[in-house]
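Pulled these features from TrEMBL for this protein:
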- Asp19, Phe20, Asn21, Arg35, His58, Leu59, Gly60, Arg61, Arg117, Arg150: substrate binding site (BINDING)
- Arg35, Arg117, Arg150: (2R)-3-phosphoglycerate binding site (BINDING)
- Lys202, Gly293, Glu324, Gly354, Gly355, Asp356, Ser357: ATP binding site (BINDING)
Amino acid sequence: MKTIDQLNFKDKKALIRVDFNVPLDADFKITDDKRMRAALPTIKKILKDGGSVILMSHLGRPKDGPTDKYSLKHILGDLSKMLNLDVKFADDCIGDSAVNQASNLAPGEVLLLENLRFYKEEEKGDVAFAEKLSKLGDVYVNDAFGTAHRAHASTSVIAQFFPNNKYFGYLMAGEIANAEKILNHAERPFTAIMGGAKVSDKILLIEKLLDKVDNIIIGGGMAYTFAKAQGGEIGTSLLEADKQALSLELIAKAKAKGVKLILPVDTVIADKFANDANKKDVDSGHIPADWMGLDIGPKSIALFQEVIKNSKTLLWNGPMGVFEMESFEIGTKAIAKAVVVATLDNGAFSLIGGGDSAAAIAKFGYEDEVSYVSTGGGALLEYMEGKELPGVKAIND
Ligand SMILES: Nc1ncnc2c1ncn2[C@@H]1O[C@H](COP(=O)(O)OP(=O)(O)O)[C@@H](O)[C@H]1O
Ligand SMILES: O=C(OP(=O)(O)O)[C@H](O)COP(=O)(O)O
């Protein structure tokens with residue numbers, strides 16, 4: 001793998017694609033800076049070598065050109081603090097002023113470019129736009145794992161302008177190594193824990209995992225489609241009616257492959273979608289009309305904990321319930337804790353993937369007690385599904 005370790009960046013200008021697509025609150029304060037922190041080792045190595053750094057990223061999904069709300073200037077202060085230096089800012093990512101600022105950059109200096117998606121050419125993968133970006137640096141580094149599943153100008157098309165000068169940053173290399181470890185070198189028993197809102201987002205991954213895992217635990221909103229398909233009553237819980245047949249197929253496939261597919265046996269129900277709802281525990285498939293399942297119940301927690309405790313490899317993607325509400329975080333928190341215990345006490349390798357699962361782990365303060373928390377949501381899912389990510393391919397080719 002071509003990583004930045006293979007080059008001394010002295011007097012070089014490194015053009016780094018990072019994923020600084022971080023969540024901001026109404027006052028433009030960053031609510032989770034994990035993706036920024038994760039890119040620091042790459043930036044620091046290049047500066048330490050005596051190089052300079054030009055950072056390019058997108059933020060959000062702006063549709064109408066430059067928009068204050070989506071300006072990367074909002075993260076400049078935090079980035080400067082993290083690097084302990086004054087990061088310069090270019091209010092455009094191409095054009096004369098960006099070119100001048102980049103060419104005047106001295107070794108040890110960092111320049112952050114304005115949001116790439118202020119140009120529609122970025123998402124279109126426009127070659128001329130990619131070429132303009134490429135003029136800003138001598139070496140191209142891709143460290144934007146969270147965006148590696150996009151074939152955009154800055155993530156993949158640009159690489160053709162650096163045929164002999166393109167490298168993976170440390171974050172990319174680490175993400176790929178951990179995903180590979182799970183996919184190809186998993187110690188057994190290997191348990192996947194799947195949750196989140198929709199079956200449809202995870203079908204391909206579940207199918208792929210059936211060839212790899214010993215156990216697959218299914219919780220969260222997607223479990224109700226399975227319960228309904230098996231003839232249960234699910235009230236007003238999340239349902240993907242058109243995925244019921246597929247749920248039964250997945251159950252049958254798991255059985256045929258000798259994989260234990262474990263569904264919740266009980267569920268916490270609520271009379272409305274709110275933290276202050278009335279709630280009670282019922283067995284799966286016995287939800288009264290007008291009630292909805294918002295978390296796994298205590299019997300499911302115990303059942304899942306037992307499987308997790310005995311696992312040597314754990315992949316967790318998707319919360320067990322609506323963990324954003326305190327009343328319905330108990331299942332997700334208990335499963336997170338079980339993953340931590342397996343990691344620390346049983347020496348299991350645990351990888352947490354997906355934006356909401358990572359947010360849940362951070363919310364409970366367990367980030368440093370699992371083996372690896374991926375910065376990728378969609379990118380990790382696609383990697384695990386076996387797809388070649390455009391951002392990875394562009395460097396490997
Ligand atoms: N029983 C449920 N009913 C409604 N929403 C749920 C339920 N369980 C989990 N969710 C929601 O699913 C969302 C996360 O799903 P998803 O995006 O698939 O996860 P990830 O980002 O980790 O892949 C969370 O916002 C959570 O509140
Ligand atoms: O946040 C991201 O992906 P994610 O929501 O899958 O974690 C990436 O920055 C990619 O953003 P995009 O989904 O707007 O292309």
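Please read every residue number as a count from 1 along the shown chain.
In case you wondered, yes, glycine gets a Cβ from its N, Cα and C as well.
What's the neighbourhood like for each of these?
Long-range Cβ proximity for Asp19 (substrate binding site), meaning a same-chain Cβ under 8 A and a gap of 6 or more residues, is found for Arg35, Ala39, Ser57, His58, Asp143, Ala144, Phe145, Gly146, Thr147, Thr375.
Counted within 10 Å of its Cβ, the other Cβ atoms near Arg150 ((2R)-3-phosphoglycerate binding site) come to 22, all protein chains included. In three-state terms derived from DSSP, Arg150 ((2R)-3-phosphoglycerate binding site) belongs to neither a helical nor a strand segment and is classed as coil.
When secondary structure is read from DSSP and collapsed to three states, Gly355 (ATP binding site) falls in the helix class. Cβ neighbours of Gly355 (ATP binding site) (same chain, under 8 Å, six or more residues apart in sequence): Gly377.
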Are any of the binding-site residues Arg150, Asp356, Ser357 near ligand 1, with a Cβ under 6 Å from it, and if so which?
Asp356, Ser357
Kindly point out which of the binding-site residues Asp19, Gly60, Gly354, Asp356 have a C-beta less than 6 Å from some atom of ligand 2.
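Among Asp19, Gly60, Gly354, Asp356, near ligand 2: Asp19.
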Between the binding-site residues Gly60, Gly293, Gly354, whose Cβ has more other Cβ atoms within 10 Å than any of the rest?
Gly293
Tell me, how many other CB atoms lie within 10 A of the CB of Asp356 (ATP binding site), whichever protein chain they belong to?
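Around Asp356 (ATP binding site), other Cβ atoms within 10 Å: 18.
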I'd like the number of other C-beta atoms within 10 A of the C-beta of Lys202 (ATP binding site), please.
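Result for Lys202 (ATP binding site): 23 other Cβ atoms within 10 Å.
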